[in-house]
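Below is one structure, written out as structure tokens; comments come after it.
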Amino acid sequence: VGFKAGVKDYRLTYYTPDYPTKDTDILAAFRMTPQPGVPPEEAGAAVAAESSTGTWTTVWTDGLTSLDRYKGRCYDIEPVSGEDKQYIAYLAYPLDLFEEGSVTNLFTSIVGNVFGFKALRALRLEDLRIPPAYSKTFIGPPHGIQVERDKLNKYGRPLLGCTIKPKLGLSAKNYGRAVYECLRGGLDFTKDDENVNSQPFMRWRDRFLFVAEALFKAQAETGEIKGHYLNATAGTCEEMMKRAVFARELGAPIVMHDYLTGGFTANTSLAFYCRDNGLLLHIHRAMHAVIDRQRNHGIHFRVLAKALRMSGGDHIHAGTVVGKLEGEREVTLGFVDLLRDDYIEKDRSRGIYFTQDWVSMPGVLPVASGGIHVWHMPALTEIFGDDSVLQFGGGTLGHPWGNAPGAVANRVASEACVQARNEGRDLAREGNEIIREACK
């Protein structure tokens, strides 16, 4: 009774400018570019509908549930300054729409279906506000920043790493040799490249064994705890877990996962294992630029960073600001804070659309990696501070005297910059002089 078939504008149901958002709502900020002739209110409402309870036509089963309780809402729209016919649409989703502890379900709902919508020329998810009522259902980082420092017994400075190069083609024994030389020279970590899994030239078990030998030899010689990010990423979750188990049996302190290519479900499963078994979890963001590089379409990395903090990871690559890969300083610092801090205020100048309260969820160490070397050390120390991992691949292995001297150069430069900063010197102005003094 009362059902009337037909198609009606989305905005009649899903555009609600008077809606007062709730503390438990998941809030989203979408940058949308509607097709010519499509009003922004209709476009915003269409996104809200298609990412929650709506479809293209009225259906009689709408009468069997409460749309007011379950529907997403577009509650505000603002034009983007300097952009023609581009808008920020603010959406609110009731918490009941999402499975607890599942980034997979969260993304399937909010971004799973709306990006190919005809009414839109382009759509980009700029930010999400995750309420504590939802974030508390996630595992979060297996250990977090403070526990990692306690495990490693390393405080008061950035951690230093190196990606072993060439990334593909080395035998397991030569790979282990490069690991040993870098760790002996003073680095805290070495790293499998993201596409090092288990290829014909170097099967994963052989690599793990030679790396473990290098790890323990370097530890014995330096008296410091060392780590190598053993990449457990595999074609199946079962194989991934087998590799993580073997890493634990070898006594390795940390494993690695490519969380976007491996998937959120696999990542969360690995995070649970790492927490239960005392392994740190390093996360690489391979494939992120496919999703986040276009300014008008896709998902901003700050959203992927929040998703990773919930799904689970102790480190994640976060750009460098100064190296070979793209990254704007203020925006990068915005999502670095979203990774590390407990409470982050809304700050549009840094791309943060919503205040985010992580409550007691541990933080994630941002990893600066990609085209950096010792002359970048003052800027990196100033930009990222102590709670970070600075990772020099070619910046270590490209040293003219070899791998170990390259590692020594990075360690000396880092400690010189930290000491100079602690003495009150201006790293931005005096950085080159500080590095030259350290070389003597």
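Just so you know, the numbers here start at 1 and follow the chain as drawn.
Quick reminder: no glycine exception, Cβ is built from N, Cα and C everywhere.
Swiss-Prot has this to say about the protein:
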ACT_SITE  LYS165  active site, proton acceptor
ACT_SITE  HIS284  active site, proton acceptor
BINDING   ASN113, THR163, LYS167, ARG285, HIS317, SER369  substrate binding site
BINDING   LYS191, ASP193, GLU194  Mg(2+) binding site
MOD_RES   LYS4  N6,N6,N6-trimethyllysine
MOD_RES   LYS191  N6-carboxylysine
SITE      LYS324  site 'Transition state stabilizer'
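Shown on the structure are the features that Swiss-Prot records.
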{"residue": "LYS4", "record": "N6,N6,N6-trimethyllysine", "Cβ within 10 Å": "7"}
{"residue": "ASN113", "record": "substrate binding site", "Cβ within 10 Å": "12"}
{"residue": "THR163", "record": "substrate binding site", "Cβ within 10 Å": "24"}
{"residue": "LYS165", "record": "active site, proton acceptor", "Cβ within 10 Å": "16"}
{"residue": "LYS167", "record": "substrate binding site", "Cβ within 10 Å": "14"}
{"residue": "LYS191", "record": "Mg(2+) binding site", "Cβ within 10 Å": "29"}
{"residue": "ASP193", "record": "Mg(2+) binding site", "Cβ within 10 Å": "18"}
{"residue": "ARG285", "record": "substrate binding site", "Cβ within 10 Å": "23"}
{"residue": "HIS317", "record": "substrate binding site", "Cβ within 10 Å": "22"}
{"residue": "SER369", "record": "substrate binding site", "Cβ within 10 Å": "25"}
Worksheet item: Near GLU194 (Mg(2+) binding site), which residues of its chain come within a Cβ-Cβ distance under 8 Å, counting only those 6 or more away in sequence?
Response: ASN231, THR233, ASP258, HIS284, ALA286
Worksheet item: Between THR163 (substrate binding site) and LYS4 (N6,N6,N6-trimethyllysine), what C-alpha distance do you get in Å?
Response: 62
Worksheet entry | Diameter of the substrate binding set by C-alpha atoms, the set being ASN113, THR163, LYS167, ARG285, HIS317, SER369, in angstrom | 36
Practice prompt. Quick one: pull the CA-CA distance for SER369 (substrate binding site) versus ASP193 (Mg(2+) binding site), whole Å only.
Written response: 11
Worksheet item: What is the number of other Cβ atoms found within 10 Å of the Cβ of HIS284 (active site, proton acceptor)?
Response: 28
Fill in: Residue among recorded positions LYS4, LYS191, ASP193 with Cα closest to the Cα of LYS167 (substrate binding site)
ASP193
Practice prompt. Would you list the other residues of this chain near Mg(2+) - those whose C-beta lies within 8 angstroms of the C-beta centroid of LYS191, ASP193, GLU194 - in sequence order?
Written response: THR163, ILE164, LYS167, ASP192, ASN195, VAL196, TYR229, ASN231, MET256, HIS284
Worksheet item: How many whole Å apart are the CA atoms of ASP193 (Mg(2+) binding site) and LYS4 (N6,N6,N6-trimethyllysine)?
Response: 58
